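Colleague: Sending over a structure as structure tokens; questions will come in a sec.
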């Protein structure tokens, strides 16, 4: 029986949710590429969420009951506003895509249960409070949110704050040890902040590092160079490789460790191949784990992939989400015109078309990222195949008369928050700008093509001179992020624990502080030396002054 503490649902709703959860437990997974969350009512959605979290062992990992988790889901739902695209259904859709990648594509093989718990919670909350007007709009209009978070990952920072409040209210992590709770909370923050499009190329570069870590030499698997994702539109073929796990000594090898993908219905660990009756997943008798930093990078990569996955979904689903994002784009463009500002790229309904928006997004943003993902996770090539099929559909629609976007779905409506209008906009960074659902991304004028490099299965991060060149850019909403660092301000308790733990201090999102700020570190060191020298001079002067009176008194005597 499901019992809520902070919210109220009817007995019929609770029965529907519980029935949906039991169906997950008894019959196994109910999600594939064709699953469309927009086809379900809210009670069914809550039930699906509980099934996903239970199936991936989140309840056991953080020691909560289905009732506690459902109460949390309902409150998360209330934080999402009535934006056409950035609704609670978008958050649930991201969770379902993650489940497909973790379970069906076996992306969970590198993660622990707590990693998956943090990933799913962050996915569900990553756009909480999103008003449907992106970061660029918030900064240009100098809204209250932009001032509050100092123009830095405005909406992502706001979602982090909302998530903190909900986690504290429901005590969702309180059954974990204090240090573990702090660590998981920091990981959730990090994941939500990483959904800002400013980190798109950084995440794509991290995929290259993981590829060198997990995959064999290119020459050893040259026979796998043929790919189903080549087409008349794309000249370059991606090379798929199978991961090698047995030769990586950096993984923890424990013969008695069992897989965390289990059959919830029978509570037995999975050691056989996938079956339709139980929904169990084929895994080895041992589970290999990446180091903590690599696991967290993998979580960020997967979350971002799910967040930009609309274009790689089956055509009916992809088109439906595209309709919603175009509504939101044009609504923001109308608001920018009304405020006397320049309209964001792709948001002027008089100049942009839905096929052009989708084609640019797929060609410039989605395709390179999912190529890099498929190089690390070969089963992800299914997304690239779908992307090709969808591109054909968009090319066909491009030559048809434009049609108005469909009305919003029932159940999404909530009151919009008020916005504050500024006297003038802020400057935008140079480069080709493309609006995407998660914000505005600046495409480099001359991006360097991604190439498969030879490596020797390095067990530690590659030296800086061996890393793939990171294509430099800045988000229009986050121009100073890479200089100032990624993390938001933590509570005093979390800061104290991180200062006391060198491991936690080294988990900063974009790298060690010393590496990110070498000039500032050098200046601080020089300043400290000057202050120390000045202090020594003052001490010597005081000693001289203390000796002078005694000598004078001796002469008088």
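Just so it is clear, glycine is given a Cβ too, placed from its N, Cα and C backbone atoms.
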Colleague: According to TrEMBL, 126, 127, 307 bind Zn(2+) 1; which one of 90, 103 is annotated to that same site?
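Modeller: So the Zn(2+) 1 site in TrEMBL includes 126, 127, 307 plus, from the candidates 90, 103, 90.
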Colleague: Between the candidate ranges 394-434, 517-557, where does TrEMBL place the region 'Disordered' annotation?
Modeller: 517-557
Colleague: Give me the Cα-Cα distance between residue 127 (Zn(2+) 1 binding site) and residue 86 (active site, proton donor), rounded to a whole Å.
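Modeller: Per the Cα atoms, residue 127 (Zn(2+) 1 binding site) and residue 86 (active site, proton donor) stand 7 Å apart.
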Colleague: Rounded to a whole angstrom, what is the C-alpha distance between residue 86 (active site, proton donor) and residue 126 (Zn(2+) 1 binding site)?
Modeller: 10
Colleague: Rank the binding-site residues 127, 307 by the number of other Cβ atoms within 10 Å of each Cβ and report the first-ranked residue.
Modeller: 127
Colleague: I'd like to know which of the binding-site residues 90, 126 has the most other Cβ atoms within 10 Å of its Cβ.
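Modeller: Compared across 90, 126, the most Cβ atoms within 10 Å surround 126.
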